[in-house]
């Protein structure tokens, strides 16, 4: 290790995150789902903005996105688009989910599904299906974080040790402060990432072209690699079909941590405010993508595309910027890993273990905290140490599976006629189709496997829902004032539920 | 019970739904073909600028929606009227 500054800055970031995470608890007791799970529903719009932004920006932004730019070109921008659309979903669904929590006492998304469809089985299935992709994602981010520490230390800190260093740090503040720690650390990480990405991107562009903007980089790219400026990109593998289906599948995958973020807001209005401005956070991706494009000229013979930003930093940037990049990348990885571990522990306890063993609310809250340890020790840590080459495949299958839960959310938010049987049938068939089109015949005709699953899942869901019995009026009566305020409760008479507002969005 | 699909009932609601739909369609095929050219706009590839425009448009439609469709009281004030979930 030639210069200790990058490592020291990266470790300093870890120490600050740990300190903030522990302090986030304040004087609150953390043995209830309400506190440990959703921070007592206390987060204001600014924290929500950074929480939602940082939670959705993973190590992918600092490693994968520059790597995609380096190897494919503009196809990388599909991420910016689907993240912006996720904000539209948050704007509509977020306040309603928050109201589920405030009025109906929900914490997890599986709890809402179980309640709406009067089926603890469907709730448990939702929990388990969503956690496949969530755990794969947490493993990927942990691997990314461990890799950063290894690179920053020049190999002094071995990969295996780094995995446990990262997980240990997260475990401490997650156990002590739960969702409050995620809120505070993600807000810090979110701010740090914005500063780091723009500093690195502008500095790299200035060094290459002499300008403080990116125009010179792309003018040179147009002369030498014109195919990188349009779809299907430099590798020719991002067809319009794959671009479109990837955006659709990604924007409709209601991830458990996102649900918990909405639940953690101090009001429905705070979610709307933060969601309204959330797309602007995703400008953070632009400068890092430019770093990848610069790498096409500076580092044309890389073995691994996703190392382009780090390699460029080590070769061309002063140690302080290298340290900043290390801290920023580690922040991105940890801010994405921790909510997925937290969310999985919460939903497994609340939606699988509790109904199975008839636990009390208090006991469930206590158990959820402790469940993060077996999840880290027995799943995330060991799988990360194996560093399986097909983990991306597991993640894609997981996200494809998660998308198959869409009918349950359609039933929650827009279609009262949706039934438990319809969701279960659609989910089962969509699951099988997604698995086949991921593992056996990957993405036929260039369409995302999860989209194929939905193509079969949705019509089946509608068909079965039309011929099976819907949820009871008593259940729908509790949900309708939240999802459709002012809507007539009876189709024939036009009778309205008494609500204080008739505005229906 | 009214089991029909939940759709906007007011003109403002319909307008916002239309705006949301336009913004979403703008990022997908075939609209994205409009930006799929090897030209630079504001120093960025056309598709990158298009993506940035979608960021701005997404933000703009939500800000407009906030003005036109304030959150219903029944959602804003739910904290004052808690119920117990059936599966508790």
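Note that Cβ sites are derived from N, Cα and C of the backbone, with glycine treated the same way.
In TrEMBL, the transmembrane segment annotation falls on A:281-300 of the listed ranges A:261-280, A:281-300.
TrEMBL assigns the feature transmembrane segment to residues A:320-341, out of the candidate ranges A:210-231, A:320-341. Non-local neighbours of the transmembrane segment (A:43-63) in the same chain are 79, 83, 86-87, 90, 137, 140-141, 144-145, 148, 182-184, 186-187, 189-191, 193, 196-197, 257-258, 261, 264-266, 270-271, 273-275, 277-278, 281-282, 284-285, 288, 306-307, 309-310, 325, 328-329, 331-333, 335-336, 339; each lies 6+ residues outside the stretch with a CB under 8 Å from one of its CB atoms. The list of residues near the transmembrane segment (A:421-441) in space but at least 6 beyond its ends in sequence, with Cβ under 8 angstroms from a Cβ of it, reads 117, 122, 125, 129, 393, 396-397, 400-401, 403-405, 407-408, 411, 449-450, 452-458, 460-466, 468. The transmembrane segment (A:320-341) makes contact with the transmembrane segment (A:367-385): 3 or more of their CB pairs lie within 8 A, with pairs spaced 6 or more apart in sequence. Residues 37-38, 52, 55-56, 75, 78, 81-82, 85-86, 89-90, 93, 97, 107-110, 130-131, 133-134, 179, 231-232, 339-340, 342-344, 346-347, 399-400, 402-403, 405-406, 409, 443, 445-448, 450-451, 454 of the same chain sit 6 or more residues outside the transmembrane segment (A:240-260) yet have a Cβ under 8 Å from a Cβ within it. Ranked by Cβ pairs under 8 Å to the transmembrane segment (A:367-385), the stretches A:121-149, A:155-175, A:187-205, A:281-300, A:447-464 are led by A:155-175. Within the same chain, the transmembrane segment (A:155-175) stays apart from the transmembrane segment (A:281-300): fewer than three Cβ pairs sit under 8 Å, each pair at least 6 residues apart.
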